């Protein structure tokens, strides 16, 4: 059972650092989270155990978790894992930034026919996927259709769904009245799939018209309208789509359109992407993405066979499987869902590519590479001038002081993840100043005194970074930090065997043996003079132990 921790003043649960609240539901909040190792954003639904019990919705929550764990579809919100604490459940799900389709329609009104068709095709593909996996959603509505940054639809909230069995009829009346089928509000028996078709028809109408086909503030009157099945069709609607709507909103479920009928309709087939209805129904489980597997191996410093075993084990809580699905989904999102999840290999470039990353917040250029502050000309500001050893040094630059550090051409996120892993292994304690600046201490087992140092990652040039080690004297006033208390090494819990950020790929930048000698370079940092005697030796021993651990 996981425990809540503090990270830079924010709550950390498992691998995820929680951020702002995205919304508040009946059972708790939904917050944005960030996977500490991969950097991917997720949505974390927080379910309070006591509230779940008091509202008697344990079964509803269990169904939602059970269903989402099974699903891997580009237009269904994915559940990556569930983390339990004594007080709460944390459902870690796919994050989308576009909000609800309901809010989009309220703000923009009816959608252009071509765009409405594109969204409806995505929604129906997701519903078809549910039905093929014997799951009926039963509460489809624009509020449960989310939009990502590229205006792709994602179905969410499977709490009301039932898994279908042959010959089984559902008697439960649930869902929102405006979108509910006549047989649902009448309490009649229904098989399941046909109620989702009705709801899809209401959603399509809302997309095309900007209003609902059945609406009334007086609920009995609303029910009468739904049972009568009479709704207004605007003149501007294409005749072809009007016939489709009438077929989907048939009161008699036996006469209502099926998914097969909709897929064969001429209006629906226009510009239909092939990935939405793949011919091979086994696409969602049997094809493993080799590039994603390799990326997991690099990040967690594990073998491909370990990743494959995790994927085939079927354990959704396995950290390697969770990281694999995060990588896959985010690559697909960046590709605007143009290829189906697991149907083929996504592009090899990472969404965290250096060219798109520029300088992350909190990461500073190394002072050695910063321009002198005596002129305002572009030439004086150019970092390349600082690299030119043939040029006379500006008088404004102080005499350089030696420092100890490690250079790397890995991504800054990977470097810091490796540092956290090493500190955890060494049982160091630390306080986060920002994402790339830590204050670290270690207790001398003999004297009982604490040795302190500062670790800061600097941008040396557009290709490499420098992890700087600096001694901290006890007399120095601590900088203000986002964390109120120093973090124990457990704050990096779950960073299981990340890839070494200092693997040898170039002679100067990645060799640790070369780093110790090559990184004794000039720095304009105003370092604190360490205390004489044992403190200096303790500091260097602390540096040596960290460097040795990073080299493993």
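Any Cβ shown, glycine's included, is placed from N, Cα and C.
In Swiss-Prot, the region 'Disordered' annotation falls on 477-521 of the listed ranges 432-476, 477-521. Across the structure, residue 28 (ATP binding site) and residue 139 (active site, proton acceptor) place their CA atoms 19 angstrom apart.
Less than 8 angstroms from the CB of residue 22 (ATP binding site) sit 29, 30, 31, 32, 43, each of them six or more residues away in the same chain.
Each residue contributes its Cα atom, and for residue 139 (active site, proton acceptor) and residue 258 (phosphothreonine) these two points are 18 Å apart. For residue 24 (ATP binding site), other Cβ atoms within 10 Å of its Cβ number 10. Following the DSSP three-state reduction, the secondary structure of residue 139 (active site, proton acceptor) is coil.
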